[in-house]
Amino acid sequence: MAVIGQNLAMRPQGGAPAVRESGPRRSIGEMLVAAGLLKPRDCDWALARQRQHKAPIGHILMAHGLVEEIAFYKVLARQYGALYVDATAFHAQPTALERLGPTFCLQNGLIPIGRMGGAMLIASARPELFEQLRRGIEMRAGPILMAVTTQSQQRTALTAIKSHALVAEAERATAPRESCRGTRARVIIAAAACAVPAAAVIALFRPVEVFTVMTVAALAVLLINTVFLATVAGIGAARAMCRTAHGAPVPAPLPRISLLVPLFDEIGIVDALGRRIMALDYPAELIDLCLIVEAGDFATRAALDRAPFPRWARVVTVPPGTIRTKPRAMNYALDFCDGEIVGILDAEDAPPPDQLLRVAAQFAAAPPETACLQGGLNFYNARASWISRCFVIEYALWFRIVLPGLRALRLAIPLGGTTVYFRRRALEALGRWDAHNVTEDADLGIRLSRYGFDVDILDSVTLEEAPVRALPWIRQRSRWLKGYAMTYAVHMRNPARLWHDMGAWRFAGVQLLFAGTLLGFLLTPFLWSFWLLLPGGWHPWEAALGEAGREAILAVLLGAAFVGAAAQIIAMAMGGHLRLLPFVLLLPVYFAMATLALTKTLVEAIFLPFFWDKTTHGVSQPDPVRQEG
């Protein structure tokens, strides 16, 4: 590329001087009106809206389609007495870019594009920040001059040469000791997975002893899990019933919220997603919507171009890397976002229109240590199959009762992967998401607790699509269980450190939530044999147990079933799902599928630890009536 002076006139477009004249700077609105690019009444409306929401005038004008991006930035360049350039027409300066750092440049709207005399010319999409950053930039890159470019051009030019560096940072954003990408974590997971076939081999030679040990362990785990569920569900139900609607006032001004929506092979759902996003009741200039697609997913990209998304939606394409996971994609996209609150939605989600207002109000009323809000989930296709109905019951228990119970007991909360909102500064302090963990949400919930942050329950419920067939359900559940195993292995690499970070109470909670869940599904088959103790049946232990032992074991089994059913029925009543009551009888079959899913988990933990077995969306239509009950 020739020197800049041979490619551009060395003065700002529109005839403005290369150096801003002294005196007060004309307002951008006045300049746009004078240039015939903005109607006076639209300018007055935008200025009134700016006073109300404290948003940059450019965000307001472009979000509402009053001014095109290039036209706005050309006038902005004249306002600052700077050169306007199309940054994509130049080769970025690699040495200066390395000195400044690609992430720093991306987050601050900068890209070095050439030299002018003895100074480095840096194109800026945020000239209002340039003077604040000048001293730090000059310490790393020497004398500098500012040009103005659009945000789109700056990002395109930067990612054209630094996308692989940004991907590498996204894959290792989390500290090694807190990530499952390390060899030690993988060895722990693989060793635990290998213990199951090893036990099976031993059972060929010592079947009675292995059966006895496993059965005793299964009974112990069942008893512990039942007591834990009864405690959490009892407290959670009491708290939830006493909880009133959150009355926090909507703050003024409202915060800017970045919404990350990871998409992969989602051609069947993007039209509905676009309509649901359009229905959100929040100022358009304060929503930073980031639709994340993988490079090579041309079908989804084409579907996005046809879908009814608002003009302020942006598509971020994630280049290929060493893995392909949802957390890697979100880490990459986060540098393209500028919201002080970051929210996650899945492709199939249907949030209520007031959800973002509730997020803003609840964060404004919460103390600074409340770093995260976890919203509730329900399903718009509950009646599609018996599996979807059981899924509704399971989620009602988790979101209506268990999560409030965990919060009331001040235990760590494994987050869900959607309808979850973070204060950005806390998310950055944690090292973002672990790109290698296939349940990055649960892991992040534990790290929030370890760092002393709090999670609150958001008073808002998002509707999404439930699996309707057994195989997709098993694939999804196997990924969840694998992620639980990964998370547990990572945080238990150094139990003493985990104890120190969380304290004895929360440390015990991690054991119950993660080890209890995994062992419960793993050992459940040994409990099935005890149903043979019912009248007319025979069990290998019958002679050794005697009448008292037989009655004690049946009491444990029936007591566990009663506690689970009672908690589920209470949750169903709270969620308005009592019409699903007959399907409680199918839950033993439903949860037996999780044991099948665990076998897939064990194989993948050894051979495919970071494989993301994605759930396909858009296969089931919403019920005619969206709420059961």
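In case you wondered, yes, glycine gets a Cβ from its N, Cα and C as well.
Caution: TrEMBL annotation is automatic and unverified by curators.
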According to TrEMBL, which listed range is transmembrane segment: 71-91, 512-532?
512-532
I need to check the long-range neighbours of the transmembrane segment (512-532): which residues 6 or more away from its ends have a CB within less than 8 Å of a CB in the stretch?
196, 211, 214-215, 217-219, 221-222, 224-225, 228, 411-412, 414, 481, 484-485, 487-488, 538-540, 553-554, 557, 591-592, 594-595, 597-598
Out of 211-235, 552-571, 583-612, what stretch is closest in contact terms to the transmembrane segment (187-205), meaning most Cβ pairs under 8 angstroms?
583-612
State the non-local partners of the transmembrane segment (583-612) in its own chain: residues 6+ outside its ends, Cβ under 8 Å from one of its Cβ atoms.
180-181, 186, 189-190, 192-194, 196, 323-326, 386-387, 389-390, 393-394, 436, 438, 470, 473-475, 477-479, 481-482, 485-486, 518, 521-522, 524-525, 564-565, 568-569, 572
Mean pLDDT, the domain 'Glycosyltransferase 2-like' (342-534)?
94
Spatial neighbours of the transmembrane segment (211-235) far in sequence, C-beta under 8 Å, 6+ residues away:
199, 203, 397, 401-402, 404-406, 408-409, 512, 516, 519-520, 523-524, 526-527, 529, 540-541, 553, 556-557, 559-560, 563-564, 567, 570-571
